[in-house]
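Everything below concerns the one structure shown next.
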Amino acid sequence: MRFALSFFFLAKVCLADVASYISMEGPIAKAGVLANIGTKGAKPGIVIASPSTIDPDYLYTWTRDSSLVFKLLIDQYTRRIDTTLLNQITDFITAEGILQGVSNPSGSVGEPKFNVDETAFTGPWGRPQRDGPALRATAMMTFANYLISSGNISYPANTIWPMVKIDLDYVSANWNNTGFDLWEEVDGSSFFTIAVQHRALREGATFATLQGDNTRAATYNTQAANLLCFLQGFWSSSSSALIANINVNNGRGGLDANTILGSIHTFDPAAGPDAITFQPGSDKALLNHYTTVNSFRGSLYTINSHIAAGQAVNIGRYKEDVYYNGNPWYLATFAAAEQLYLAIYQWEQAGQINVTSTSLPFFTQLVSSTTVQNYPSNTPGYRTLISAVFSYADGFLELAKEYTPSSGRLSEQYLKSNGTQTSAVDLTWSYASALTAFFARNGTILGNAWGAKGLTTPCGPGATVSITFLETATTMSGESIYITGSIDALQNWSTSTALPLSSTKYPVWSITLDVPASTTFQYKYIRIRNGVVTWESDPNRSLTSPASGTYTERDTWR
Ligand code: NOJ
Ligand code: NOJ
């Protein structure tokens, strides 16, 4: 009894702690965001990443940071939480329209950062970064949809749609090419980037239809389906997690706050806790949260080393990070909390928590008696889980509170040794990430529905992937190279209908074929001259097609 009472007392103190942190830090964070727009030489509507000019120099504008920040401000404006933001929002749109037209080293809207006077930054950098155009389109469409619903048709049609088109045409045409991740370090395919691109194209298809552009709507829809399929490939059941970067070999384990950020920034309040889009409350996103958070436990950060399993820890970008020696980041710790508040919203909407074998480890770390079953919302078991997850989420905010100085100012990072702030001061994105987490905790849902509801995987039976076969073969005049193999797409070993390769890059012969996804098949090249067929030597070649995306196979005649 005494234990129960004091536990209750403790729990109440913690709740009050977090609430008082929010009421203290919320206004500071909001002021911190606004202070970084159009200041320090920046043109109106330009978001500076941070006023820091040395160690590190962040007095630039990044499309990613700016768009995430303005998505928050646009959500506040369109929900009438703050009706004073209209001028900042239109300044932002004007400024981004200028940046879209500035010629830059990427040669595209994939250029990640610009000088604050709206000229190109021409120094070396990890470019392009293909998340920025998608995030910007999402922010602008959110505003446009609001205007349209309140009767303003012309600004969305004449100003916003032309800009959104530029960003989404770029995403639609380039998502399948590698680019740098949100941390500007890894050139590959990145979960965060692919997730926000998928979202933007889904909303974009609806928006294009609204603007009477059915051709673009169709293109965006087709590419969104391809993106959704590709997105599935980031899930690794053997790692119990989403792998942050694929199509790279960077020597990292792949656990990264990238994936938690991807989940919260593609939250759709109209969807359920669906795993296909890794919604915050889905079993896969929860297991990913569990595994990713665990990667920051133990001795990695001294300030985490005393924290027991099942309790919140300070979160960084990824455990192998060496930038400023690798520390916790406010925006990552806030994101870990935010995913869980959004998950709770999704369970409340669904009226249940469906604990699967996938999400079980996430729940048993908090409530050890949890089993694989459906917990309907009118049961004590459901209430126990909800309050455990809520307290766990609050734990991340308590850590942020502990390492927020009394001024309330938030830098980019805080030292792993003792929590002292380091790297860029007054990071705009840190403030924005605090605010979105606070809104989520208070049950104020900022996100808008973007079309996640009811999506089913396009990667099932019937899905195909595109494989390019390159065969190096020297040939006699009049002789050509063909391919044939064990599946329909390869003519079932026929030589008379074998598929001809092109010799435009002779001696490399090539052909690109659509073959069923995730399928193992055999094939061989043959050469045909005057109707005479010569087979490659045995054994047959074997290949397993990927689940999604494209693949290039390089062979040499044998
Ligand atoms: C600056 C980038 O902004 C940061 O994300 C990165 O870690 C460092 N450069 C090192 O590449
Ligand atoms: C470095 C971060 O890694 C990157 O995500 C961010 O865009 C820039 N700093 C600017 O804040």
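Glycine is treated like the rest: Cβ placed from N, Cα and C.
TrEMBL lists 1-16 with the feature signal peptide.
The feature substrate binding site is assigned by TrEMBL to Trp125. Here the Cβ of Trp125 (substrate binding site) has 16 other Cβ atoms within 10 Å, regardless of which shown protein chain they belong to.
Summarising the annotation, TrEMBL assigns active site, proton acceptor to Asp181. Long-range neighbours of Asp181 (active site, proton acceptor) (same chain, six or more residues apart, CB within less than 8 Å of its CB): Gln129, Gly188, Ser190, Phe192, Thr193, Ala244, Asn245, Asn258.
Here TrEMBL flags Glu184 as active site, proton donor. Glu184 (active site, proton donor): 16 other CB atoms within 10 A of its CB, across all protein chains.
The domain 'CBM20' feature in TrEMBL is assigned to 459-558.
Only residues 6 or more beyond the boundaries of the region 'Disordered' (539-558), in the same chain, are considered here, and those with a CB under 8 A from a CB of the stretch are 176, 226, 229-230, 232-233, 459, 463, 465-474, 481, 485-486, 515-525, 527. Annotation source TrEMBL lists region 'Disordered' at 539-558.
Per TrEMBL, compositional bias 'Polar residues' is recorded for 540-551.
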Tally of residues which DSSP labels helix, strand or coil - the domain 'CBM20' (459-558): 6 helix, 56 strand, 38 coil
Residue pair Glu184 (active site, proton donor), Trp125 (substrate binding site) - Cα distance, angstrom, rounded: 8
Residues among the recorded positions Trp125, Asp181, Glu184 that border ligand 1 - Cβ under 6 angstroms, in sequence order: Glu184
